[in-house]
Structure formats: structure tokens, C-alpha cells
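Peer 1: Can you keep this structure in mind? I'll have questions shortly.
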Amino acid sequence: MIAFQAENLIENGTKRLFNFIFTSHLQMMDENGNMTKTEISTHKLEQCNISHFNEFDEASTYNVVIYYNHQKLLKDQLNDYYCLPLNYSLQIQGTQKSNIFQYGKISVTICSSDDCYSTDEIQQFQRLGYFNNSFKINTLMLNRVPNLNIPNNYISYIYSDYYIQAKIGQEIKTDVYLEQQQLSIEKSVIPGIKVLEQDHVFSIMENKLQASSVFTSNITRVASFFIRLSQSETHYYKEYYRFDELFSYVGGITQFLATILGYFILRYNQTGLQIKLANSLYQFDMPEKQKGQMVFSFQLLVNKIFESLKSIEDAVQKFKNSAHRIINLTRLAGGLKFINQQSYQNDDIDDEIVNHLATQQVPQTDKLKVEKCADHCHESNQTFYLQQDKKKFLSLIVQLILESRKKLSFGVHFLAKQVSGSFKKNTAVNYQSQLFEKSRKMILRDMDILVIMNKLQEIEKIKHVIFNKTQRKVFNYLQKPVVCVKKKINQDKYDQSLIHGDLKNKRDDTLRLTMSSKSLLGIRQKYNTEKKFNKLYEAYEELALAEDPNETEKIMNQRLLKLVEPTIQYSFNSLVEIEKLSRQLRYNKKKRVETQVLKPHNFKLGSSNEVEEEIENNFDIESITLNGQKKDNLYKKSQPSLPENKIKNLTTLQSSTRQLKDVQLNQIQSKQDFLDVEIISS
């Protein structure tokens, strides 16, 4: 819809000056190129009212101010505008060079009807100079614009205006193009079923509104507006998403999101798998903050192991001293018994001495027998408790080793540190991240499947050819390489009485990040468990205490024992020493039983030096340090010799000028102490 209005040049005029006439033209061209123009119809534009702009009442009008104030617009402006007659259908087609060209023309002329100024009045106005000034010819357009985003009505309206500057004596010509807007709407959402709705509207192309002026001698012609069809068309197509397209769209979005999320999930799983694999393959020297200082876990483990070894050595020393006391008591009781037997066999001994010895020795001998039996029982109990202590120390050492196995943790805290560390600089050192990077590189280097399979096949063959079943148990134990933050771990100085030079050298070798072929052996699903450590100790003990006459086997056993991790090696050596003591106690007990059975009744007690030598030979307990070496006179305690205790044989008693008056055996209440023997002579 379009309306026109011209400014009134006559001030305080009471009549109309201009008239608006619409003329429909038809231009036809025949086959010979002859052109004929025909004026089909002519209509005067009538004064506009609300009926001509009924679209103002619709909510789809863009100009909200005009929509809510249409009454004010009609009252103030529509009375001065002229519109086409109601219910008039405008027909346009073709172009200037087409066979049929139909268009409309709105002419603005000086009117000459009864309600207009007369010819004389117009000439007078011209003489007065009213027509020398220019004036405006305004248009009021309610343009139709397709909008497919509106759910119900797809046509929207835009209120706009266009004006031209006109002057009497010049004719202004303007082309108003109407462009066809084709609308096609597919409303079906089911695949294979089409429900197509089509419509079309004409919209005024405001970008093509251009005016041109032509001088004319006929002052009655002021302006002309040619309404014609535009050569261009605009097609609008809308369709709803069908179910198959919706599924495809959702699937595409899901696949895109899955690709992005899958990348992060893949990296997350890869990192988690690498950390899990690193925890299974390696042990980590994890730093811990204690009392404001950074302490590494391997250093703490060594300190705890050495503290445990001190208690083991104390127990070993205690059992050695107890064993020495038992042997001394046994030998002393035997010596007194043989003195009693010899005294009764000699007829030259004074009857008083014999009676005195008989009365004194009988209760003393019985008392010694009871004490000897009690001490033998105590010795058996010591052997039992020795085995129990060995098991307790083994369990303690295994628990210390298992608890010291630090692992890399993988979770939200680890990821947050990784992300924050990549964006920030000069932050605190992330030791766990450094350990993970080093272990990841080691995994990539060591996990070549071809190399692993070849080495496994080769080593399995060699292992079954060289070793027996027990040796394979020790050989199968694998120590994990230590992943360190620094290239070398700062080693503190430990107690020199516990650490020897070979321990330090072996520990340095272990801390180096070297991967030998043996690190690829064995089953790693359950690498270190308490049960496996117990089996390892049993095999270690069997090889350490084996008395193989074959020198090759002996050297092989020693080499295998040296391959064990230093902390485990020195812990097991202390337990092996306890086992040696236990075996020695059982051997001495068995030997005493055989000696008592095979010893003749006329056995004479030898000199004190012979008795001492026999004691040392029967109970030859080697004092062994943690590294398997003997300690010279570390635990050896000089025993009081028999001459110092005034114990003499029969010949000595007979040749003595002094007579034996009394023999007293004073026993300390504790069974672990020596028996003090005091011989009182006159």
C-alpha cells in the first residue's frame, strides 16, 4: 500500500492545488516490432482513511510506534494523503522490451475541478511568485517483507516514507519497482511425505527509488510515478527438520563432541595407563617433606632397615651369650661328676675325705643334674624362640620394604598440577611430574615388543639350562630401578659400624638409572607381595647355607645372591645369621647326646687347657657381620679357666699338702648367668 501527499504552496489556501490520477497502461509489440500503447483505465486517487491501512492493526507491523498510535497518524496525516481506490487490484507485467508490458502511472498535476483553484487564480499565483519555490511530494508506504521465522504469519510489514523535491515548470519522474517474493514452506516432518505451502507477495524496492527531472512548458504536469514490475525475484524456502535429518544432526553433533572429548579421554587413559605401568615396573624415590626438609623415600627406607638390623644384632648377641653360659654349665657339671667318680676309686684316700666328699657331692650332683636338665629345656626353648624371632624380623623387614614402595598417584590433583605447571612459570618444583616424564620415557624405550619377546625367549632357555629350581627362584627376583628427580641422590653418612664400603658401592650402582636385560624378566601383574618375599627368603637362605662341594655351583650361588637388591640382601644376611645360630644349637644338642652315649665310664677329666679347647671346639659359633664376614673377637668373651676356679683332678688332690675341706656351688637366681664355683680349702 502506498499513499501520496504534496505540500501546499499557497499559504492560507482554501482549495486544492494538486490532483493525483492513476492511469493503467498496456504496451504491446507485434512480430514486426511495431509498438502500440493503450490506456486501459484511469482513476483518481481518493483521500486515505483507516480502511486503506488496515494492516496497521496487525501485530506483525515492525514500526511499533505507528501501530500503537495509528489513531493519531490517521487524524494528523492520512487526511492529507491520497490512496488508490479500495479493493482495486493493480496489474503489472513485463518489461520495457517485452512483448507485453503493463504498468501503472500516478500523475501529479495542477487540478482544474470545482474544488480547485481556477485558471485565473493560478496565473495570479504565478505572477506573485508562489511557483518559484520548490516543494515536497511525500509518499507513505507500508511495505511487505517475508519473514519465515514467524510461526503463524510469514509476512511482516515495514512502514517507510519517500519524498521528492518538485518545482512548477519541471516534471519529476520516478520508477517504483515492485519485486515478487516467492515463498515455499515444507511442513512435513516425516521422511517421504511432502506438504508444500506456496505464496507470493510484492514488495517495493526502496533501493531503486531514483528521481529524475525533466523541464516542460506545461506547468500543469508536476511529477509522475511509474509503478512497474521488477526484473528480479526473490525466493524464500523453509522446511522443518524431519526425523531423519534431526537424527543425522544430533548424530553429527554427538560425533563432533565425541571426537573432541575422545581426544582428551584418550590422553587421560594413556596417561593413567602409563602411570599404572610405571608403578608396576619401577620404584620411585619420592620426596617427602618432614620438619621443613625434603627427604627422599629411599633414604628413609635405608634408615629404617638399619634400625631393624641393630635389634637383630642385639638378639643374636643375646643368644650367643646364653649359649656360652649353657655350655660352661654343662662342662662344669661334668667335671665335678668325674672328680667324684675318681675319688671313690682310689683306696688311699682318707676315709674321712671320702665320707666328706660322698656326703657333700651327692646332693650337689643331684642339684647339678636338675639344673642341667632345666638348662637343656631352656636351650630347647631358646631354639624355638630363635625361630620365632627370625620370622618376626623377616615379617618386619618385608613390611618396611612394602610400605616404602611409593607410587605415582593419578587423579584430579595430578591433572591440576600438570595444567597449572604448563601455564605458570617460576612455580614450585613438581617432583611427581618430573618422575612421571622420566618413567614415561623409560617405558617407551623399554616396551619394544620385539625386543621383549626375543629376550624373554633367550633368557628362559638359559635359565632352565643353567639353574636348578631353587636357583631360579632367586634369579627370578627383580629389583626395580629407582626413578630419581636428580641425576644423583644426595647420600647422607650413616653409622660406619653398620655400613661398609661394599654396601655404599652397591647402593650407588643401584641408584643409577640403568636398565639391564634382567629388568624385562618375570611376571609383573603382582610384583612384590609378602608371600613372594617369604619365598624369596627361603630360596636365599637355602643358597646361602648350602654346602655344595662343587666349586662352580658355589660361585654361581654367590653371584646370584649378589644380584639381590642391597637393602634386601643385607636384611636377609642378618636372618641367615640367626638361622646359623639355630642350626648350631641343634647340632650341639645332638652332639652332646651322642657324646654322653659313647663316652666311657673311666673317662678322666683332662687339664684345664684341654677342657677349654673342647668347649671352643664343640661350640664354634662364628660371629658374622651383615656383609657375611667374620668379626674378629667381636663377641668372644674369655671364659674363666678351670684352674682359676680351683678345680683339680684326682692326682692334684692327692699330691696337695692341703686337705679338701668343703665344696660349695652357689647358683645365681637367673638361669642366664654363670654358676660361680667356690672351692674352700684349708
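Backbone N, Cα and C define each Cβ position, glycine as well.
The N-linked glycosylation site annotation in Swiss-Prot covers N12, N34, N49, N87, N132, N218, N269, N328, N381, N468, N550, N649. Residues or ranges marked as transmembrane segment by Swiss-Prot on the basis of sequence analysis: 246-266.
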Peer 1: Ranking the glycosylation sites N34, N49, N132 by other Cβ atoms within 10 Å, which is at the bottom?
Peer 2: N34
Peer 1: Of the glycosylation sites listed here (N12, N49, N87, N218, N468), which is spatially closest to N132 (N-linked glycosylation site) when Cα positions are compared?
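Peer 2: So, of the listed glycosylation sites, the one sitting closest to N132 (N-linked glycosylation site) is N218.
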Peer 1: Just to verify a number: CA distance, N87 (N-linked glycosylation site) to N49 (N-linked glycosylation site), in angstrom, no decimals.
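Peer 2: On Cα coordinates alone, these residues lie 13 Å apart.
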Peer 1: Looking at the glycosylation sites N12, N49, N218, N269, N550, whose Cα is closest in space to that of N34 (N-linked glycosylation site)?
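Peer 2: The answer is N218.
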Peer 1: Give me the CA-CA distance between N218 (N-linked glycosylation site) and N12 (N-linked glycosylation site), in Å, as a whole number.
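Peer 2: Cα to Cα, N218 (N-linked glycosylation site) and N12 (N-linked glycosylation site) are separated by 25 Å.
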Peer 1: To the nearest Å, how far is the Cα of N12 (N-linked glycosylation site) from the Cα of N550 (N-linked glycosylation site)?
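Peer 2: One finds 143 Å between the Cα atoms of these residues.
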Peer 1: Among the glycosylation sites N87, N218, which residue has its Cβ surrounded by the fewest other Cβ atoms within 10 Å?
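Peer 2: Across N87, N218, these glycosylation sites, the one with fewest Cβ atoms within 10 Å is N87.
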Peer 1: Looking only at N12, N269, N468, N550, the glycosylation sites on record, which one has the least crowded Cβ, with the fewest other Cβ atoms within 10 Å?
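Peer 2: Among the glycosylation sites N12, N269, N468, N550, the sparsest Cβ neighbourhood within 10 Å belongs to N12.
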Peer 1: With N468 (N-linked glycosylation site) as the reference Cα, tell me which of the glycosylation sites N49, N269, N550 is the closest one.
Peer 2: N550
